[in-house]
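Participant: First the structure, which I've put down as structure tokens, then a few questions once you've had a look.
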Amino acid sequence: MKTIAVLTSGGDAPGMNAAIRAVVRTALDKKFTVMGIERGYSGLINGEVMPMERKTVADIIQRGGTVLKTARSEEFKTEKGRKKAVGVLKKFGIDGLVVIGGDGSFRGAQELSKMSIATIGIPGTIDNDLAYTDFTIGFDTAVNTVLDAINKLRDTSTSHERVSVVEVMGRNCGDIALYSGLAGGAENIILPEIGYDGDELCRSIIREKTKGKLHNLIVLAEGIGGAEALAEKIQKVTGIEARATKLGHIQRGGSPSCMDRILASKFGYRAVELLEEGKTSRVVGIRGGKIVDLDIDEALNMSKHFDNKLYNIANALA
Ligand code: ADP
């Protein structure tokens, strides 16, 4: 293998740049030629390929987003689209590809590996919704962004003795809500993995208010409903003023945390090592603090473990 390429695909996540930098610099150290593909699989199909040097990735470790840009591509989901993509890779002499993204991007990488392109996936998504790895790049930064917002909301909801419902991202995974809820001292954390009883929630808000709680902070994962509707219900049933805040896309931006930069650097380094070892159709991850790699199929077929213990701790401390 002489030439490898790197792309970012699907939803962006803080730390993707640190991963690109790690891939490029590790590969150059190992005497590979390295290409960057812009706009994910869509850019690959369109031949948006550029050479990457050490200096191309200078000054990006601290930046959120992805300098290679990201996209979703319906065309790549078709065999015709993928054939075009392989044609572009062949044209540039690329025989190994590092894909930084989530589960959808990994499925794409798996398809390319069946077409004689060595592919390695790096988990980049704020949602932390990949079962095979304890953490994905971007999750820690997103949780810290949410935490900052929770701290601010706590001030104002205490002053006004209000209920505050904060809706956070995560698709069907409640990890952002669970971690930020525990770290932010939320009274209630509502997760798709657990579900909730709206009437019981309202009764508990009244009980807590009677006991003298100045505020009630509820962290709601997007996968279980909308903050606006929940706040309306709470206000109607309890008579206590309730406000909704949907944090939205600010959760995807910002300078990556130390943890995300280090994770991205380790993943990028290992991904290139795997290509050097002649591996393909694998994804890198972290489990119990150790960097691991698994077959893409095996990784995507695993079911996500829900951290019940962490949830119980959050409830006990609320
Ligand atoms: P993420 O990687 O963040 O989960 P998506 O699910 O949107 O994001 O996937 C990103 C891109 O990966 C899609 O736009 C598509 O081009 C490609 N992709 C997703 N699923 C498949 C699949 N089953 N086969 C081939 N390509 C896929």
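Glycine is treated like the rest: Cβ placed from N, Cα and C.
Annotations per TrEMBL:
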- 4-275: domain 'Phosphofructokinase' (DOMAIN)
- G11, R72, S73, G102, D103, G104, S105: ATP binding site (BINDING)
- R21, A22, V23, V24, R25, R154, G185, A186, E187, K211, K213, L214, H215: ADP binding site (BINDING)
- D103: Mg(2+) binding site (BINDING)
- T125, I126, D127, R162, M169, G170, R171, E222, R243, H249, I250, Q251, R252: substrate binding site (BINDING)
- D127: active site, proton acceptor (ACT_SITE)
Participant: Within 10 Å of the Cβ of G185 (ADP binding site), how many other Cβ atoms are there?
Facilitator: 13
Participant: As a check: which entries in G11, R72, D103, R243, R252, the binding-site residues, place their Cβ less than 6 Å from an atom of ligand 1?
Facilitator: G11, R72, D103
Participant: Taking the Cβ of H215 (ADP binding site) as the centre, count every other Cβ atom within 10 Å, in any protein chain shown.
Facilitator: 20
Participant: List nothing but the one residue from K213, R243 whose Cβ has the fewest other Cβ atoms within 10 Å; the candidates are the binding-site residues.
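Facilitator: Taking K213, R243 as the binding-site residues, the minimal 10 Å Cβ count falls on K213.
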Participant: Work through the binding-site residues one by one (T125, G185, K213, H215, R243) and name whichever has its CA nearest to the CA of G102 (ATP binding site).
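Facilitator: Looking at Cα distances from G102 (ATP binding site), the smallest one goes to T125.
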Participant: If the substrate binders are T125, I126, D127, R162, M169, G170, R171, E222, R243, H249, I250, Q251, R252 per the record, what's the largest distance between their Cα atoms, in Å?
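Facilitator: Per the listed residues, the maximum Cα distance equals 33 Å.
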Participant: Counting across all protein chains shown, how many other Cβ atoms sit within 10 Å of the Cβ of R171 (substrate binding site)?
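Facilitator: Other Cβ atoms within 10 Å of R171 (substrate binding site): 16.
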Participant: Select the closest residue to V23 (ADP binding site) from the following binding-site residues, measuring between CA atoms: D103, S105, R171, R252.
Facilitator: S105
Participant: Sequence gap of 6 or more, Cβ distance under 8 Å: name the residues on the same chain that satisfy this around R252 (substrate binding site), in order along the sequence.
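Facilitator: Looking at Cβ-Cβ distances below 8 Å from R252 (substrate binding site), excluding near sequence neighbours, one finds G11, D12, A13, P14, G64, I126, G138, A142, M169.
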Participant: For each of D103, D127, E187, count the other CB atoms within 10 A of its CB; which of these binding-site residues has the top count?
Facilitator: D127
Participant: Closest of the binding-site residues to G185 (ADP binding site), Cα to Cα, picking from R72, S73, T125, I250?
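Facilitator: Nearest candidate: I250.
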Participant: Between the binding-site residues R25, D127, K213, I250, which lies closest to D103 (ATP binding site), Cα to Cα?
Facilitator: D127
Participant: Beyond the listed site residues G11, R72, S73, G102, D103, G104, S105, identify every same-chain residue whose Cβ lies within 8 Å of the center of their Cβ atoms for the ATP site.
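Facilitator: Counting only non-site residues, the set is S9, G10, G40, G101, G108.
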Participant: How does the model score the domain 'Phosphofructokinase' (4-275) in terms of mean pLDDT?
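Facilitator: Summing pLDDT over the domain 'Phosphofructokinase' (4-275) and dividing by its length gives 97.
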